[in-house]
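J.: The structure under discussion is supplied below as structure tokens; questions concerning it will follow.
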Amino acid sequence: MVLDPKATSLHNDYGSFDRPLGVGEGHERDVEAAVDGSSSGMAQSSDVYQRQPLLPGAPLSKSKDKWSGVASGSDYYEDDEDEKDIEGLGRHPGIPNGSSSGIVKIDMPAPLREEPRFPKEKWKTFLAFLFMVVNFILTTASLAMVHERVPDRNTYGSLPDVVLDNVTAQDWALNVSEVLIMIMSNSAMVFIIFHKHRFIVARRIFLLMGLLYMMRSVTMYVTVLPIASKTYYCSPKANNTSPLLVTKRVLQLISGFGLSINGKHTYCGDYIYSGHTVVLVLSYLIIKEYSPRRCQPIHWLAGLAVLVGVIMVLIAHGHYTVDVLIAYYVTTRLWYIYHTLANNPNLKQYGPNNFLARLWWFSIFKYFEKNVGGTVPRQYDWPLPWPRRFLAKHPNRDS
């Protein structure tokens, strides 16, 4: 039996071995098959090429458990450990930045830090605290001098007031107001202490309190109103304002933190504007702005406490109604303007269209806030280095 050579396949019967092809023999068979128009040549050609490796073999790594390669088209950021592994595989002479296994190293720049930055700047917080203390002393010194200029209530009665004229004075109401002041101020202090960015928040509060004290020391001194209450105790006048006398009065007022519930505030004339209202409203704004959003019941209780505290001040005839209104307006406007500037970086710069930059205290604001990168998030942590169980890392989230 004679077999046609052209019909002979490269693959013989099952279990047989193929004859190795010579150099160029596979190509010659493809040409002959193309000339003859037969399809067997194409099958032979595909068999030849399918036996060729798809990728060049990667050299074995020194360590068997090392990562040996990925597709050259991957474009992800590699860390230092990955770069060390890739460099250990060797370079391919024909591929730039590549290894012998076809791995291409892509040089990618480090990601830019775009999130806002919130530096502590403790020394700035200390300066803001000194600013507040100096202006508090200035306020008490102003009251110590105003006390000598206040009109005698036995000669001059109180000014007409639509609220005070229709409410009988109750001395106990002033104590209730000051108890609420202590509760509100301590509650606000707790939220500041447990805030993650407590130094930034405290710095802002110190600066705002200093500005409010400074303006109050001026307003109460330039215009002295008659005493609103007929029953509130006022110390006798000394008919002189020597530095020694003013210093003694200042120390007495500071020792009582400016409150009358402890019997230290016995000087009259500090009406425009109400210091009680300033502390109450400012404490509420702190709690509302820097406490978790889910603490809505606390926000409502704080607002109710402010309302009751202000009403108690009026019932006690501790201030005129205009004092309370001015205090509320000045405190809230200053708070809103300050935080609008602080939360918008473009407003921290001087410019022809930034009219808020014309505020007289804008330079002070810019010094303390220039490094704060944006709106302070509502995040909290344990302020002390102990106990350690409170220092466990938890994901930061805005509450």
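Glycine too: its Cβ is placed from the backbone N, Cα and C atoms.
Fair warning: this is a prediction, and the values are worked out from it, not measured in the lab.
I grabbed these lines from TrEMBL:
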type	residues	note
REGION	1-97	region 'Disordered'
COMPBIAS	37-49	compositional bias 'Polar residues'
COMPBIAS	76-85	compositional bias 'Acidic residues'
TRANSMEM	126-146	transmembrane segment
TRANSMEM	172-194	transmembrane segment
TRANSMEM	206-228	transmembrane segment
DOMAIN	268-340	domain 'Sphingomyelin synthase-like'
TRANSMEM	271-287	transmembrane segment
TRANSMEM	299-320	transmembrane segment
J.: Report, as numbers and ranges, which residues of the same chain sit near the transmembrane segment (172-194): CB under 8 Å and 6 or more residues beyond its ends.
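T.: Those are 201-202, 205, 232, 259-261, 276, 279-280, 282-284, 286-287, 290-291, 298, 302, 305-306, 308-310, 312-313, 315-316, 318, 380-383, in sequence order.
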J.: Let me spell it out: take the transmembrane segment (206-228), skip the flanking residues so only those 6+ beyond its ends count, and list any with a Cβ under 8 Å from a Cβ in it.
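T.: 125, 128-129, 131-132, 134-136, 138-139, 141-143, 145-146, 149-151, 153, 156-159, 161, 164, 234, 268-273, 275, 278, 282, 317-320, 326, 330-331, 334-335, 338, 361, 364-365, 368.
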J.: List the helix, strand and coil residue totals of the domain 'Sphingomyelin synthase-like' (268-340) as derived from DSSP.
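T.: Taking the domain 'Sphingomyelin synthase-like' (268-340) as a whole: 56 helix, 0 strand, 17 coil.
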